[in-house]
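Chemist: What follows is a structure written as structure tokens; I'll ask about it next.
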Amino acid sequence: MTSKESKPSRTTWRGMEPPLRETWNQVLQELVKRQQQEEEEQQGLVSGKKKSWVSIDLLGTEGKDIKKVNIWEPCEKWFAQVIWGVLWVLQIVLWGCLMWEMRKGNQCQAEEVIALVSDPGGFQRVQHVETVPVTCVTKNFTQWGCQPEGAYPDPELEYRNISREILEEVYKQDWPWNTYHWPLWQMENMRQWMKENEKEYKERTNKTKEDIDDLVAGRIRGRFCVPYPYALLRCEEWCWYPESINQETGHAEKIKINCTKAKAVSCTEKMPLAAVQRVYWEKEDEESMKFLNIKACNISLRCQDEGKSPGGCVQGYPIPKGAEIIPEAMKYLRGKKSRYGGIKDKNGELKLPLSVRVWVRMANLSGWVNGTPPYWSARVNGSTGINGTRWYGVGTLHHLGYNISSNPERGICDFTGELWIGGDKFPYYYKPSWNCSQNWTGHPVWQVFRYLDMTEHMTSRCIQRPERHNITVGNGTITGNCSVTNWDGCNCTRSGNHLYNSTSGGLLVIICRQNSTITGIMGTNTNWTTMWNIYQNCSKCNNSSLDRTGNGTLGTVNDLKCSLPHRNESNKWTCAARRKGSRRDSLYIAGRDFWGRVKAKYSCESNLGGLDSMMHQQMLLQRYQVIRVRAYTYGVVEMPQSYMEAQGENRRSRRNLQRKKRGIGLVIVLAIMAIIAAAGAGLGVANAVQQSYTRTAVQSLANATAAQQEVLEASYAMVQHIAKGIRILEARVARVEALVDRMMVYHELDCWHYQHYCVTSTRSEVANYVNWTRFKDNCTWQQWEEEIEQHEGNLSLLLREAALQVHIAQRDARRIPDAWKAIQEAFNWSSWFSWLKYIPWIIMGIVGLICFRILMCVISMCLQAYKQVKQIRYTQVTVVIEAPVELEEKQKRNGDGTNGCASLERERRTSHRSFIQIWRATWWAWKTSPWRHSWRTMPYITLLPMLVIWQWMEENGWNGENQHKKKKERVDCQDREQMPTLENDYVEL
């Protein structure tokens, strides 16, 4: 027996559930299927379709006004779809025509692109560049094994700009370093060629001229090109910024390059294909080399403040720490020592990755004097460093087999008979054909320099590192709170190398110059207590201190054997430098190795020149990144500027006329599209509103149907229960009847019960009766009544809910309007479409503009014809004089009195032509002109009366006032050409 609940349940116990229960999705699918079947059955009926939902009127008032059946509804539906399709096709055609006209009007700029199709911006990044095939392109392709220049597109004409967002998405503001194998392969070919021809050099003389000289000297220039499916991404704008600042030492672990503008090309710029080691390069390479002088990004860096860091930030290309110049696969090209100056590992070779970041830039030799850097004369005698920089390559340099001076104006060239290719030296037994004795002032030169402390983001100034005994405790000389990442948080009042205990707990060595300028800060996480314990453990340093003694600029400690502790070559702590006799090692404090045994005196190293063609190409190729594309097409559109300039005024006028016509057509198209868009918007809004109401009504109808389904299920359960109770009642009545019957039989048989058995003297067949114990577990009449009451309550509640849902469904169904009523209810279309009444005026205006345009065209044609008819062209006539020529000059007869004898004969005035004479002359000119023999006869013949009137007005004035003038006109017979009389003498037009 179940307990009564607040929410009605569909059944009272599990055994009373119906045998099949359908889900809500199945019910909806069944409803949709039935609705579709009804629509298919009723499509062919003339009476039309009825409503697909059923409304139940609980109030007993059925709707009397049934909608009339629209027999044209199927036709209207298909007709509307056809109209919409036609409008869409018309709109697409109009847009296509518009785009075609716009494309036709725009002229190409002789600039074609490479169409890249891939992810995310048309390309994929290639990280392993050694697997990319490459070829060279040059003019002398048959001699050097390259392809001709036309084999690949010119990158200056055919490229594609890559957006900044795509660059940031692909490269994450990190333009990486790539060790390209292409220059290494060329260097390998040169080495192989030199080894194969080494025996032949001994037989050659200085007069022998080899074509290989052009290649060795770098005169053979070409491009590197990659085939499909690869391309090159050439950077156009870039800058550098620091990354991963070490909080202990303050140096930047990485210097990243952010490329903000790039182009996709197929070939690189022109560069020397091969060359030996040299100092200066040709002026053709100056722009490419200058591009590698990368500036710092416009972010908050200390080096950008000229007041804090004189000279600004570093400019150049940073070869990252850990880069391999010559990979392991081509280790035979390394040689014993690096010939590239600062481009070397910690052992001075190229076997290991770089341990220090190396900067390469085009040198600025403007401040050099006699081949030496600025302030070189102020250095200590014999020293190779000045202003914190140790210079290599000052003096004698190796250039294309010659020893030259670092002073370009001296012109020293001593041929050594040796050529350096990479790390190997090859003999060259005859003098090359090139000349190096010229003044190479103004030629671009590579400069390789290293910041050993790697604090380029803080300052570009190089310093002389402090020795470990030239320090003092900064008591009272350092004020403020500064750190390795914040040099501006403190001030110094005295020059020196001050050992300072920072607020973070570590030790700092603050380098102060000029009593107030902080030029560097070196730090470590080791605190003062730990350092002092190490210091006290040094031999004979128990009573010593690090206080400053002496009056020098830097000062020193009292005992040189008790300087700042460091780790010796055995990695043990010591406070004294190693000695050998009277000589003592100079040990310095380094920013990245505070406790190490550092012997580098200067924080910077610089090298001038010394790069061969391999490194030259390697540096220029860092501007490019290899990408992989799915497909690209080349196309060259040659539209020279002279082609456009050669067009005459005729073509320009026709083009302007076409543009005006296109403008009028575009206005008409836009007006039509606006009308179509307005109609489409209205129908779309109406459809949306009607769909919204329909969706609500259908949802309510579904809810009502669900409630009715629950009522039916509950009724079915109640009927089952009643039927079961009736069967039980029948069984009980039958049992009572049988019991009474048997009792009567027992009485008649005179039997008695003994242990549930009937003992009688009658036969056993008569006394064998049915056992009725199986009915003992049946429910009682009281339980049955309780279940019936629960069913009645459940059924009544479900009926009330079903009635409410049906009422809501009726209300929502009545709210479903037709399309136009939905539009009127959603928007105030009376004001929205008030402009529709002006459509006839708009159409009239457009038609008027078209008519006005046609009229203007006709008038322009008439004016052109009028100008041609008005301007009378005279024919050239050759006059043959048959009368004899009088050689003697006769006395002139001057009738105007200039000779003293005036003529008394009245002067004959030329009378003005009458209107009839002008008409005859004009008509005769018209008949003999070519205008009357074409289709333009009728438009032009209407101009003849106006032309005659105009000529008559020119001769007689606007109202004939020229005839009434009595003033004698002056006639200049020499300067004025008289017009022949048209009534007698006619000229040919």
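Every residue, even glycine, has its Cβ placed from backbone N, Cα and C.
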Chemist: Which residue from ASN370, ASN542 is recorded in Swiss-Prot as N-linked glycosylation site?
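Modeler: Annotated as N-linked glycosylation site in Swiss-Prot: ASN542.
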Chemist: Whole-number Å distance between the CA of ASN703 (N-linked glycosylation site) and the CA of CYS862 (S-palmitoyl cysteine)?
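Modeler: Cα-Cα distance, ASN703 (N-linked glycosylation site) to CYS862 (S-palmitoyl cysteine): 80 Å.
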Chemist: State the Cα to Cα distance, in Å, between ASN140 (N-linked glycosylation site) and CYS862 (S-palmitoyl cysteine), rounded to an integer.
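Modeler: For ASN140 (N-linked glycosylation site) versus CYS862 (S-palmitoyl cysteine), the Cα atoms are 65 Å apart.
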Chemist: Any idea what DSSP makes of ASN542 (N-linked glycosylation site), helix, strand or coil?
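Modeler: In the DSSP reduction, ASN542 (N-linked glycosylation site) maps to coil.
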Chemist: Determine how many residues of the region 'Fusion peptide' (663-683) DSSP places in helix, in strand and in coil.
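Modeler: Residue counts for the region 'Fusion peptide' (663-683) by secondary structure: 21 helix, 0 strand, 0 coil.
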Chemist: Quick check: of the recorded positions listed here (ASN481, ASN542, ASN568, CYS862), which one has the Cα closest to that of ASN527 (N-linked glycosylation site)?
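Modeler: When the Cα distances are compared, ASN481 comes out closest.
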Chemist: Find, for the listed glycosylation sites ASN542, ASN568, the residue with the lowest Cβ contact count at a 10 Å cut-off, counting only other Cβ atoms.
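Modeler: Across ASN542, ASN568, these glycosylation sites, the one with fewest Cβ atoms within 10 Å is ASN542.
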Chemist: Should any of the recorded positions ASN161, ASN470, ASN491, ASN542, ASN543, CYS862 have a Cα within 10 Å of the Cα of ASN481 (N-linked glycosylation site), which are they?
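Modeler: Among ASN161, ASN470, ASN491, ASN542, ASN543, CYS862, the ones whose Cα sits within 10 Å of that of ASN481 (N-linked glycosylation site) are ASN491.
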Chemist: Within 10 Å of the Cβ of ASN161 (N-linked glycosylation site), how many other Cβ atoms can you find? Include all protein chains, please.
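Modeler: Around the Cβ of ASN161 (N-linked glycosylation site), 12 other Cβ atoms lie within 10 Å.
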Chemist: Does DSSP give ASN481 (N-linked glycosylation site) helix, strand or coil?
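Modeler: In the DSSP reduction, ASN481 (N-linked glycosylation site) maps to coil.
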Chemist: Any idea what the Cα distance is from ASN161 (N-linked glycosylation site) over to ASN470 (N-linked glycosylation site), rounded to a whole Å?
Modeler: 56
